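Participant: Can you read through this structure? Questions will come right after.
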Amino acid sequence: MNPFKTLPTLSFLFLTLLGLAHAATFDITNNCPYTVWAASSTGDAGDGKRLDQGQTWQITAASGTVRARIWARTNCNFDASGKGSCETGDCGGVLQCKGYGKAPNTLAEYSIDQYAHQDFIDISNIDGFNVPMEFSSNSPGCTRVIKCTADIVGQCPSELKVAGGCNGPCPMFNTEEHCCNSGNCGPTNFSKFFKERCPDAYSYPKDDQTSLFTCSTGTNYKVIFCP
């Protein structure tokens, strides 16, 4: 028996264990007085779960995960096969999401084990707002707490109002001014509406300075709907 034939398997096992060592867990809890259908996605893979009030769902993100999102869907109806629709946050009409959700949806966004072994985390209202949210560390090594709990739906400008939520100006108007596709834009009156109510959350695409936060890789997290 050639012992070197086992090297690829051992290498794969080592890389797998290394990825698990730097993985992050996310405890997603619904404190809202209504049912939500939690969702998570990296854009091409994801999952989803119904959460009644007080229920928690735990997911794991591997080291190197980028551009991942967690959000709540509201007023959903799914059949036994997991097909259906949601009033806000719908992800292609399925319970177990593959792609991102449809605006409006309050987003918890993260990338794990990036530059200098840092995790990057944020709450974003660029795609609008549907459910109040907290996104925070669940580990003693990081004390970061991000919240967006204002009555954005109740105070939403008429131009952004949609059923069940307050849409973001980019998905609503799809213009360079609001979407910043060229990378050169600033805050608008609509983005300021969100920023004034949730100062720690992204309100437009170039809002990094006051909205993007870090924790050391190895931190675990919690996302709370209606904290």
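Cβ coordinates come from backbone N, Cα and C, glycine included.
So TrEMBL has the following annotated:
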| type | residues | note |
| --- | --- | --- |
| SIGNAL | 1-23 | signal peptide |
| DISULFID | Cys32-Cys226 | disulfide bond |
| DISULFID | Cys76-Cys86 | disulfide bond |
| DISULFID | Cys91-Cys97 | disulfide bond |
| DISULFID | Cys148-Cys198 | disulfide bond |
| DISULFID | Cys156-Cys166 | disulfide bond |
| DISULFID | Cys170-Cys179 | disulfide bond |
| DISULFID | Cys180-Cys185 | disulfide bond |
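Quick one: where do these features end up spatially?
Facilitator: Using a 10 Å radius centred on the Cβ of Cys32 (disulfide bond) and all shown protein chains, the other Cβ atoms total 19.
Around Cys76 (disulfide bond), taking its Cβ as the centre, 21 other Cβ atoms fall within 10 Å, counting all chains.
In sequence order, Thr106, Ile123, Asn125, Phe129, Pro132, Met133, Arg197, Cys198, Asp200, Ala201 are the residues near Cys148 (disulfide bond), counting only same-chain partners six or more apart with C-beta under 8 A.
Counting only same-chain residues at least 6 apart in sequence, those with a Cβ under 8 Å from the Cβ of Cys166 (disulfide bond) are Pro104, Gly128, Phe129, Asn130, Ile152, Val153, Cys156, Pro157, Leu160.
The local packing around Cys180 (disulfide bond), expressed as other Cβ atoms within 10 Å of its Cβ over all shown chains, amounts to 17.
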Participant: With every protein chain in view, how many other Cβ atoms are within 10 Å of the Cβ of Cys179 (disulfide bond)?
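Facilitator: For Cys179 (disulfide bond), the 10 Å Cβ neighbour count is 17.
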Participant: Which of Cys97, Cys156, Cys185 (the disulfide-bonded residues) has the most other Cβ atoms within 10 Å?
Facilitator: Cys97
Participant: Of the disulfide-bonded residues Cys32, Cys170, Cys180, Cys185, Cys226, which sits closest to Cys91 (disulfide bond) by Cα distance?
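Facilitator: In terms of Cα distance, Cys91 (disulfide bond) lies closest to Cys170.
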